[in-house]
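Going by TrEMBL, these are the annotated features:
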- B:HIS53: active site, GMP-histidine intermediate (ACT_SITE)
- B:12-19, B:37-39, B:54-57, B:GLU65, B:ASP86: GTP binding site (BINDING)
Amino acid sequence: MHVRQTLTLVLGGAASGKSAFAETLVMATGKPRVYLATAQAFDDEMRAKVDRHRDQRGPDWTTLEAPHDVAPALSGLHTDQVCLLDCATMWLSNRMLAEDDLATAQDKFLAALAGCAAELVVVSNEVGQGIVPDNALARRFRDAQGRLNIALAARSDRVIQVVAGLPLILKGAPL
Amino acid sequence: MHVRQTLTLVLGGAASGKSAFAETLVMATGKPRVYLATAQAFDDEMRAKVDRHRDQRGPDWTTLEAPHDVAPALSGLHTDQVCLLDCATMWLSNRMLAEDDLATAQDKFLAALAGCAAELVVVSNEVGQGIVPDNALARRFRDAQGRLNIALAARSDRVIQVVAGLPLILKGAPL
Amino acid sequence: MHVRQTLTLVLGGAASGKSAFAETLVMATGKPRVYLATAQAFDDEMRAKVDRHRDQRGPDWTTLEAPHDVAPALSGLHTDQVCLLDCATMWLSNRMLAEDDLATAQDKFLAALAGCAAELVVVSNEVGQGIVPDNALARRFRDAQGRLNIALAARSDRVIQVVAGLPLILKGAPL
C-alpha cells in the first residue's frame, strides 16, 4: 500500500480566487499535475467559465473529467503526481441533480480521496454565509455542502480559506 | 451580586459546524450544562433538525426552551453552571416574525445575558456575505442580525468564527 | 510626482461593521478626512441608511459624491489628506445598472485609485459566500465583485476583513 499523500482543502466563496490560489499550490509542488474537472457545461455561461479556467491554467496539465464518480480517475493516479480536484461543490451539485442520496455519495467521495495515491488539492465553496434561501432544494444543498466541507476539513492536512485572493490558514502549517 | 462569568460568541454560516463546536467548548468546562433552545419547530424540516441536534448532544444536558424571551431562563441559572444558547439567529427570527421592535428586543436580550450568573456560550449566524436579498424583510433581518452580532461581539470575552468545523479566533485568548 | 500613499482595503459582509471600522482607521491617521460617497439614494430605505451613516460620522469630514466616476474627486486630493471611499460595491452596482462594461470600468477605477495623492481606505463587500443566486444579473454582479476585490487586495498595502465589528488581518502589518 502507498503512504497517504497530503490532502489540502481550499475553501472560498464564488469568485474569491480560490481556484487560482489552489493552482499556485499545485504548481509549487513541482510534480506532474492533473486537473480533475467536475463541472458539466450545461449552458453557455458555464461553458465560458470552464473554457476561461482552462486557458488560465495553460497546457501543462493532464485534464480528466469526472462530474459524477471521481473514484476511477483518482484510483488511476500515481504517488509522484499532484491532482487538483476543482471542485467538490460542482460534484455535489451534479449528485443532487441526479437525485442521489447525498450521505452515501459523500461517503464514496471521501473513500475515493482516501484511496488516491497522488497528492491532492481539493477546492470547495463556502455557501452558508448568506440569508436563508427561499427554496428547500437550495437549503438542502447548503446543508449538504456544509457537511461535506466539515468532513473534508477533518480529513485534510491543511485547510486554507481564500478571501479576495488572499489565503487564511485554518488548519495546518503556515505557507 | 455575582461576578460576571465568561461570555463566548460562536459565529458561523449555516451547516458550518458552529453548534457542534460550541458544544465542545461547553463540555470542556466540566460544569453542569444547560441547553437553552430558541428554535420553534413549525414544520417537519425544522423538527427533524431540532431532534437531530438533541440526539447529537446526548442526555447530559438540561434543556430549556425560550423562543421569545430568554430572560426568565437565564435569570434562573447558577454560577456553577454553563449555558449554551443556540441560537441568537433563531431568537431574532422569532422576534421578527412576532413583529417586535428589533432594537428594543436586542436591548432586552443583551440585558438578559448580562444578568445571567452562569458562564455563557452563544451561537449566532453570519448571514451577510451573500448577494443582497430580493425582498425587504430578508434585508431587514440581515441588518438586524449584523447589528446583534456586532453588539454581542463587543460584549464577549471571546469570539470564535467556525468555518468547516474549524475555529478562527477573532477576539480573546487562543484555544 | 507624489510618492504613493498607503492603500487599505476593508472587506466585510452586509452590516458587519466594516464602515464604522474603516472610519476608525481613517480617524487614527490624524489627517484631514474626506468621505467619498458612492451611494445613490434611489428610495427611502437607501436614503435612511445614507443619512444614518452621515450622522454617525459627525461633522469633521469633507463629503464628496461620486456614484459613477471616482477619478475627478480622487485626483483633486492632496498628500496630507486621508480619504474613505465607501464603498466599491455601491460604485460597481451603479456601473452595472448603467450597463457599463465592467472590466473597463474596473480598470478606470483602479487607475483612479493609483493616481490619488491622498492616503486611501476603500470599503468593499463580500457577496460570494451564499448560495448561487437564481438570476443571472446577480451572478454576474457577484463575479464582478469578486474580481474587483481580488484586484483591490493585490494592490493594497493592507487588507482587513471585518466580522461582527472585529478585524481580521488578511494582508499587511498587524493593527
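Note that the numbers count up from 1, one per residue, in the order the chain is shown.
Every residue gets a Cβ built from N, Cα and C, even glycine.
No curator has checked TrEMBL annotations; they are predicted automatically.
Predicted, not measured: the structure shown is a model, and the values here were computed from it.
Cα to Cα, B:GLY12 (GTP binding site) and B:HIS53 (active site, GMP-histidine intermediate) are separated by 16 Å. Reported as a whole number, the C-alpha separation between B:HIS53 (active site, GMP-histidine intermediate) and B:THR38 (GTP binding site) equals 13 Å. A distance below 8 A between C-beta atoms marks B:ALA15 as the binding-site residues from B:ALA15, B:LYS18, B:ASP55 lying next to chain A. For the recorded positions B:LYS18, B:HIS53, counting C-beta atoms within 10 A of each C-beta gives the highest total at B:LYS18. The binding-site residues B:THR38, B:ASP55 differ in how many other CB atoms lie within 10 Å of their CB, and the one with the most is B:THR38. Using a 10 Å Cβ-Cβ cutoff, B:ALA15 (GTP binding site) registers 21 neighbours. Highest Cβ count within 10 Å among the binding-site residues B:GLY12, B:GLU65: B:GLY12.
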